[in-house]
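Undergrad: Feature table excerpt (TrEMBL):
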- 8-88: domain 'Prepilin peptidase A24 N-terminal' (DOMAIN)
- 78-99: transmembrane segment (TRANSMEM)
- 106-122: transmembrane segment (TRANSMEM)
- 110-214: domain 'Prepilin type IV endopeptidase peptidase' (DOMAIN)
- 128-148: transmembrane segment (TRANSMEM)
- 155-172: transmembrane segment (TRANSMEM)
- 192-218: transmembrane segment (TRANSMEM)
Amino acid sequence: MIYLFIFILGLIIGSFLNAVIYRMHSGDSIVKGHSHCPQCQHQLGVKDLIPVFSWLWLRGKCRYCQAKISWQYPLVELATAILFVLGYFVLVAPVVMVSFIVWLSYLYYLIAISFLIVIFVFDHQHGLILDVVSLPLIVIAILFTIFLGQDILMYLLAGLVGFAWFGWQYAISKGNWIGGGDLRLGLAMGLLLGWPKIIFALFMAYIVGAIVGVYLLATKKKDRQSQIPFGTFLSAATIIT
C-alpha cells in the first residue's frame, strides 16, 4: 500500500514539475494562475490534469483545440513516480527500525530528484541550466548534509572538484565549450554525491554524452557546430549514481 501511495505522490509531483518547466520558460508565475493549453490558452479543468491518465484518455491531444500534447508530460510524471518508489525501496524499505534520520534522508532524495528532473528536461529542451534551479539545489545539498550529520568537508571537496572540472574548461574556451550553468551544476553534483561518486558521475556523463554525440553526427541530426545540452547528461548521471 505504501508503494502505491508513493507512486501516486510521484505522479502528482511529476505533474507539478511539468508545470514548473513550462512556466519557467514562458515567464508565468509558478505559484499563481491556472494551467492552460499552450496553444489555445484554454484553462484546463481537473479532468484534464490527472497525471498520465488524462494524456492517455485524451490520446495526447488538447480537449479544446486538438493540439498535440508533448510526450514530455506523461514521461516526466512516470519517471518521477518510478524514482520516488525506487528511492523508498533502497533507502527506507531495508531498514528494520525506521528513524527520523532515515525519513530525512528520503526527503532529501525526493527533493534532489525533483530538482534534477527539472534540470534534465529544461536543459534538453532549451539548452539552459537556470540559476533559479541550480543555486537552491546547492543550498539544499549543504543544509541536508549538515542536518544528516555527514562529513561536510568531504562533500564540499567533491563540490569543489565538480566546479573546478568545468571551471578550467570554461576558462580555456571562454565559455564556448560549456556554460556557466555547468559550473554550478558541477558544484551541486559534488555536494549531492560526495567523494568519490562525483568522479564516477562525471565519467558516466562524458561517456554517454560522447556516444550520443557520435550518434547524432552519424545520423546528421546534428553537425559539428551544434551544441548538445550537456546538463542533461550530468543530471541523468547524478540521478543514476
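Just so it is clear, glycine is given a Cβ too, placed from its N, Cα and C backbone atoms.
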Undergrad: For the domain 'Prepilin type IV endopeptidase peptidase' (110-214), would you mind checking the mean pLDDT of the predicted model?
TA: 91
Undergrad: In the same chain, which residue numbers or ranges, 6 or more beyond the ends of the transmembrane segment (128-148), come under 8 angstroms Cβ to Cβ?
TA: 24, 101, 104-105, 108, 111-112, 115-116, 118-119, 122, 155-156, 159, 179, 181-182, 184-185, 187-188, 191-192, 231
Undergrad: Short question: which residues 6 or more past the ends of the transmembrane segment (155-172) have a Cβ under 8 Å from it?
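TA: Distant contacts of the transmembrane segment (155-172): 138, 141-142, 145, 178-180, 182-191, 193-199, 202.
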